[in-house]
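Copied over from Swiss-Prot, here are the features:
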{"type": "ACT_SITE", "residues": "HIS142", "note": "active site, proton acceptor"}
{"type": "BINDING", "residues": "ARG46, ARG52, ASN84, ARG118", "note": "substrate binding site"}
{"type": "BINDING", "residues": "ASN59, ILE82, THR83, ASN84, MET192", "note": "NAD(+) binding site"}
Amino acid sequence: APVTPGVAVDLSHIPTDVKIKGFSGEDATPALEGADVVLISAGVARKPGMDRSDLFNVNAGIVKNLVQQIAKTCPQACVGIITNPVNTTVAIAAEVLKKAGVYDKNKLFGVTTLDIIRSNTFVAELKGKSSSDVEVPVIGGHSGVTILPLLSQIPGVSFSEQEVADLTKRIQNAGTEVVEAKAGGGSATLSMGQAAARFGLSLVRAMQGEKGVVECAYVEGDG
């Protein structure tokens, strides 16, 4: 598997205004110093026959360790959790930040953007539209049946009851579709990378003062 510094060198050859640095090792402090946004995608991937909850025992410890380092090094950063099972790893991150006395519910996000881009793709395919013209809000986090696409909220598009049932099931099971298609070779990586980039860039645009930037995410409510 490619190591992080090698991936960083590869990325650094792409002509953008972003400066790329790569870090590796157990101590994430050098990578976290001065960070305004941290996205955590570290963890083991699903294999056929597993669901996201099967990853908990390993991934919970990984997230806990990284968030403890965030609490020490960049406690004011906005933190996006991509590591599955998102609904649980976000809760772990929240407890670690609370214990450190630096928790801000407005700065901790479960990144569920992958469900949104999948929904946009599947709806566009079904209705013969361009995916760039479709935006499906998805709520409930990123754990199987909790994934709830709000299909009734898409302007100018209507669905039969059967279409709603079929689409919802496909969106909820899209991750399994990829895992099975890869036949033991991992889970969704390319589409997840696109989703993570979209969420991260939206966060940065909003932090820079751009108005009207909206993304769905798994967050603590006001209740």
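The backbone N, Cα and C atoms fix where each Cβ goes, glycine too.
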Cβ neighbour count (10 Å, all chains) around ARG118 (substrate binding site) is 24
Same chain, not part of ASN59, ILE82, THR83, ASN84, MET192: whose C-beta falls within 8 angstroms of the C-beta centre of the NAD(+) site? Give them in sequence order.
ILE40, SER41, ALA42, GLY43, LEU55, ILE81, VAL86, THR89
Between the residue listed as 'active site, proton acceptor' and ASN59 (NAD(+) binding site): CA-CA distance (Å)
15
Taking the Cα of HIS142 (active site, proton acceptor) as the centre, which of the binding-site residues listed as ARG46, ARG52, ARG118 lie within 10 Å of it?
ARG52
Taking the mean position of the Cβ atoms of ARG46, ARG52, ASN84, ARG118 as the substrate site, which residues outside that list, in the same chain, have a Cβ no more than 8 Å away, listed in sequence order?
ASP51, PRO85, HIS142, GLY175, THR176, VAL179, SER187, ALA188
Candidates ILE82, THR83, MET192 (binding-site residues) - the one closest to ARG46 (substrate binding site) by CA
THR83
Fewest other C-beta atoms within 10 angstroms of its own C-beta: which of the binding-site residues ILE82, MET192 fits that?
MET192
Spatially, which candidate from the binding-site residues ILE82, THR83, MET192 is nearest to ARG118 (substrate binding site), comparing Cα atoms?
MET192
Given that the record lists ASN59, ILE82, THR83, ASN84, MET192 as binding NAD(+), what is the largest C-alpha to C-alpha distance among them, in Å?
17
Around the C-beta of ARG46 (substrate binding site), how many further C-beta atoms are within 10 angstroms, looking at every protein chain?
21
State, in Å as a whole number, the widest CA to CA span among the substrate-binding residues ARG46, ARG52, ASN84, ARG118 given in the record.
18
